[in-house]
Structures are given as C-alpha cells and as structure tokens.
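See structure below.
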Amino acid sequence: MSTNPKPAFRRILLKLSGEALMGDEGFGIDPKVLDRMAQEVKELVELGIQVGVVIGGGNLFRGEGLAKAGMNRVVGDHMGMLATVMNGLAMRDALHRAYVNARLMSAIPLKGVCDDYNWAEAISLLKSGRVVIFAAGTGNPFCTTDSAACLRGIEIEAEVVLKGTKVDGVYSEDPMKNPDAVKYDEVTYAEILEKELKVMDLAAFTMARDHDMPILVFNMNKPGALRRVIMGEEEGTLIRAKKVI
C-alpha cells in the first residue's frame, strides 16, 4: 500500500480515554505510556498538524460505584471533571518534556493551575503550532468526555475526531467476547445507529452526526497507528455521513 505524501488532515481533535493512560497498571498513569503518547503527538506537530486533545478521567475516578452507594450524580461528575484535569496536567508535562509547546484549558476555572477555556484563544494557539489540551469535559454534569471531544472538535473546526481506544476500530460485535466479530473499515452514522454499534454515547454521537463531524476509531495502544491514521493509511474505522466509493 502506498503512503500518501501529505497528511490527510490539517487540524484534528484527539480523544483519549483515561484508561489508555493506565497501560498495564490497574489504576493511575503509566509513565511509559504517557511518554509514548506524547512522542506520537510530537510526530504530528512536526508534520504540521494542529492538535487538540481531550482526555477522559476513568483511570483516576469512576463514579458508578459511589453513585450506587448514594452519592449525588452532580458531585460525582464534578469529581470526574477534576480527574480529567489531573490527566491533562500529566499530558501537558509530558509534552513539555518532549519539547512540544502545549496549553491546558479547563472548562471550569482553576486559577493558578491551568487556563480557562476560551474558544478564540484555543484556535489562535492551534494556528501557532501549540497543542491544546481541553480538560474538565464540557464543564457540565451529565455530559461525557466523548461529548466534550465532539463539542470541542466542532468548535475548533477540526476535520475529524480521532477516538483512541483499546481496539483497532468498530466491530459488528465486541471482539473481546466474539473472536469472529467483523471489523468495519468505513461505516455511516445511520449504520451505526441501525446496527446499534458501540462507538460512544448517543448524545456525543448524534452531536457529531448533526454537525457532519467525521469520527475515526483506532487503537491508541498500537505503536504508529496515530501517524498511519493521519497519513490516510488504512487504520481503524472511519464514520461519516456517506461512504466514499
């Protein structure tokens, strides 16, 4: 397969799950995984790609158990937002150590820790070649970090939301449970809904669909996969309004 000489995308929103930062650990952040991800983002910056990043918080906080024990959902979601800020701080530090200029913006004010989210400033920073990490989700409870990724992607006019996961695309069934599950190279928004394929929560997915924001699902744990996606090689599963034949 021939490699495209130029990147397929100019500006992207990279969504990473908090769990991806755990590596083989059961909790927290694996420094080796963090540094590898920072190096992969650095490769994109060196290619001239404008990179926005949203990271989940599931490696540091999971509210389901506490919610079942009676914790208020709003309180739990606020704690989850703070977990994404912690991951964002770690990623910003890893990027700085890799000599990549990065800015951390939070949807909730955290004076002295990171900048407040500002749409116009974020776009200006991206144009100047800085990586912008968007933390604290949307700043609202009841909204997932997938929703935050789609929202920020739409706001910064990214060409695609890249969703880094533990699997290398979208399958007909859970490949962890059924080894005969079929992987899709490309699928439409309508097919995802019709076949009830698991990509992200419905609110996030319909936001992307309504604003014609393509989503590309790939395995962030696979070395080099992110670069292959950016160069337009066959990697992961592309979701958009219509298939290109």
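One-based numbering along the chain as shown.
Including glycine, each Cβ sits where the backbone N, Cα and C put it.
Note that the coordinates shown come from a computational prediction; the quantities given were computed from them, not determined experimentally.
Range 23-28 is the one annotated as region 'Involved in allosteric activation by GTP', of 23-28, 233-238 (source: Swiss-Prot). G57 is the residue from G57, G65, G164, G169 that Swiss-Prot records in the UMP site together with D77, T138, G139, N140, P141, F142, C143, T144, T145. Going through T165, T188 against Swiss-Prot, the one listed in the ATP site together with K15, L16, S17, G18, G58, R62, Y171, D174 turns out to be T165. Cβ atoms under 8 Å from those of the region 'Involved in allosteric activation by GTP' (23-28) belong to residues 59-60 of the same chain, restricted to positions at least 6 beyond its ends. Non-local contacts of S17 (ATP binding site) by the CB criterion (under 8 A, 6+ apart in sequence, same chain) comprise I55, G56, G58, G164, T165, K166. In terms of local Cβ density within 10 Å, K15 ranks first among the binding-site residues K15, G58, N140. On its own chain, T144 (UMP binding site) has G137, M200, D201, A203, A204 as residues at least 6 apart in sequence with a Cβ closer than 8 Å to its own Cβ. Reduced to three states, the DSSP call for K15 (ATP binding site) is strand.
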